[in-house]
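A.B. asks: Checked TrEMBL, it gives:
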type	residues	note
DOMAIN	5-340	domain 'FAD/NAD(P)-binding'
DISULFID	C51-C56	disulfide bond
BINDING	K60, T155, G156, S157, D325, M331, L332, A333, H334	FAD binding site
BINDING	G192, A193, G194, V195, I196, G197, L198, E199, E215, G283	NAD(+) binding site
DOMAIN	359-468	domain 'Pyridine nucleotide-disulphide oxidoreductase dimerisation'
Amino acid sequence: MSQAFDVLVIGGGPGGYIAAIRAAQLGFKVACAESNAYDDPKGEPRLGGTCLNVGCIPSKALLASSEEFEKIGHHAADHGIKVSSVSIDSKKMVSRKDDIVTKMTGGIQYLFRKNKITLLKGHASFEGKGADGYQVKIDGKDKETVSAKNVIIATGSKARHLPGLSVDNVLICDNEGALKFDSVPKKLGVIGAGVIGLELGSVWRRLGSEVTVLEALPSFLAACDVSIAKEAQKLFVKQGLNINMGVKIGDVKADKKGVVVNYTDSAGKAAKLECDRLIVSVGRVPNTDKLGLDKIGLKVDERGFIPIDDHTCATSAPGVYAVGDVVRGPMLAHKAEDEGVLAAEVIAGQKPHIDYNCIPWVIYTDPEIAWVGKTEQALKEAGVAYKAGQFPFAANGRALGMGRADGFIKVLADAKTDEILGVHIIGPNASDLIAEAAVAMEFKAAAEDIARICHPHPSLSEVMREAALATDQRALNM
Ligand code: FAD
């Protein structure tokens with residue numbers, strides 16, 4: 001007899017594995033199907049999805065290594081520390097990253113055992129609906145058809161590739177190849193100045209690559225607040241990133257000598273980029289291939305996403321939910337996790353809620369960029385009367401002591417009610433500092449609330465307080 005579950009989760013990424021754990025906590029009999037072995041030596045499907053295997057975690061491990069390298073090589077002297085020579089062992093750096101990934105995927109396996117979640121190893125696809133729920137075929141190391149009363153689709157996304165450009169993940173790489181370079185390329189090309197392109201470009205620039213970024217859009221980091229994007233572009237160019245906006249990519253050739261990208265620059269002039277390796281980071285597409293959605297009457301939208309109810313993540317098939325990168329909204333691991341928890345709780349009859357306006361965004365460049373809520377340009381466009389307060393890290397003792405004084409925090413608050421509408425950071429530890437703003441916005445705090453709360457001294461968080469005070473021209477240290 002086939003196995004029957006209350007909840008089957010398809011995909012073991014942050015959306016899927018968290019949904020499985022929450023559903024198990026709520027007392028359901030749960031299974032989670034995962035097909036991708038990533039680089040597992042035994043070819044065993046690995047949990048953690050894109051985030052853990054080829055995304056957030058490995059990229060941050062490499063970022064940390066490259067930061068250490070840059071600190072020792074370039075900033076140690078400012079502290080009076082003399083270092084005679086610094087070199088990088090890229091293989092060691094990559095194997096450290098692999099060890100972290102292996103440890104963490106093992107951690108999720110442990111959590112599955114602890115929560116009595118059945119891992120189904122293989123590609124899952126719908127076969128239809130029977131008396132005991134949805135019939136889902138598992139095809140891989142496990143071969144069986146299981147049934148489930150509820151299904152949470154958390155199949156994530158994969159890198160978008162440009163037509164006519166073949167990614168071999170050696171010379172021309174997407175995120176997967178770019179996370180396992182075995183040596184530092186002398187010249188690195190990056191197509192796409194989005195989050196992933198800038199993060200990976202920054203890693204290899206710090207390690208000594210000459211990095212050129214080609215971007216089709218005319219404006220840099222268009223999703224960010226304009227003033228943050230401007231500051232970021234200025235700082236990245238100063239650090240040595242060659243950023244070319246408004247280009248049109250032509251043909252790309254790769255051979256033993258390297259890669260040549262022909263493109264038209266923003267002035268319409270033909271140009272050529274010669275590099276040793278090329279990273280293509282032009283967005284991601286949802287994974288819905290061979291999922292058998294048609295067998296349960298589901299269709300994807302024009303961009304390939306599974307349509308859902310905005311409040312419950314329910315699809316139009318009763319008992320089928322979809323979360324994470326495979327549905328609308330920001331492609332962020334923490335958004336996927338929160339939707340996974342929400343779907344499990346909706347199945348349990350609870351009434352969870354996600355305020356998408358309070359989801360923080362982070363770009364792990366140096367300095368980091370992070371924001372939550374509305375940008376200044378969005379408020380202007382919507383005709384909202386607001387006030388802005390900005391404070392630089394250069395006026396903060398802790399930032400100066402750390403030698404990390406670039407950037408600023410900007411707080412946007414409603415002109416009448418003082419409610420915080422958006423917070424934008426470019427500066428050290430922005431990824432941690434933004435959490436205070438997210439909490440404040442979830443609680444509908446006013447700028448005055450942050451301004452009145454005692455912040456530790458000396459700390460980077462004082463910049464948040466000063467920016468909140470600055471919305472009323474009351475910054476104390478400027
Ligand atoms: P995924 O993590 O993509 O997981 C989906 C899983 O489902 C995959 O393992 C896939 O193999 C499996 N699957 C697909 N189809 C099937 C099927 N039919 N049967 C069985 N299994 C299936 N986000 C952040 O928030 N912070 C970051 O710092 C960050 N850095 C990133 C860096 C890079 C280089 C990349 C590429 C992404 C980064 N992201 C980051 C984005 C983040 O990784 C994704 O938003 C997140 O992984 C989405 O989670 P998910 O569970 O929806 O999908």
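Keep in mind that glycine also has a Cβ here, set from the backbone N, Cα and C atoms.
Set these features in their place in the structure for me.
C.D. replies: Taking a C-beta cut-off of under 8 Å and a sequence gap of six or more, C56 (disulfide bond) has these contacts in its own chain: A333. The secondary structure of C56 (disulfide bond), as reduced to three states from DSSP, is helical.
Within 10 Å of the C-beta of H334 (FAD binding site) we count 17 further C-beta atoms, all protein chains included. Classification of H334 (FAD binding site) by DSSP places it within a helix.
Under DSSP, G192 (NAD(+) binding site) is assigned to coil, being neither helix nor strand in the three-state scheme.
In the predicted model, the domain 'Pyridine nucleotide-disulphide oxidoreductase dimerisation' (359-468) has a mean pLDDT of 98.
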A.B. asks: Mind tallying the domain 'Pyridine nucleotide-disulphide oxidoreductase dimerisation' (359-468) by DSSP state, helix then strand then coil?
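C.D. replies: Secondary-structure breakdown of the domain 'Pyridine nucleotide-disulphide oxidoreductase dimerisation' (359-468): 42 helix, 33 strand, 35 coil.
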A.B. asks: Other than G192, A193, G194, V195, I196, G197, L198, E199, E215, G283, which residues of the chain come within 8 Å of the NAD(+) site, judged by Cβ distance to the Cβ centroid of those residues?
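C.D. replies: The answer, listed by sequence position, is V190, G201, V213, S281, V282.
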A.B. asks: Filter the binding-site residues G194, I196, L198, L332, H334 down to those with CB closer than 6 A to an atom of ligand 1; keep them in sequence order.
C.D. replies: I196, L332, H334
A.B. asks: Tell me, how many other CB atoms lie within 10 A of the CB of G156 (FAD binding site), whichever protein chain they belong to?
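C.D. replies: A count of 27.
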A.B. asks: Using CB atoms and a 10 A radius, I'd like the single residue among the recorded positions C51, I196, L198, L332 with the highest neighbour count.
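C.D. replies: The most densely surrounded of these recorded positions is L198.
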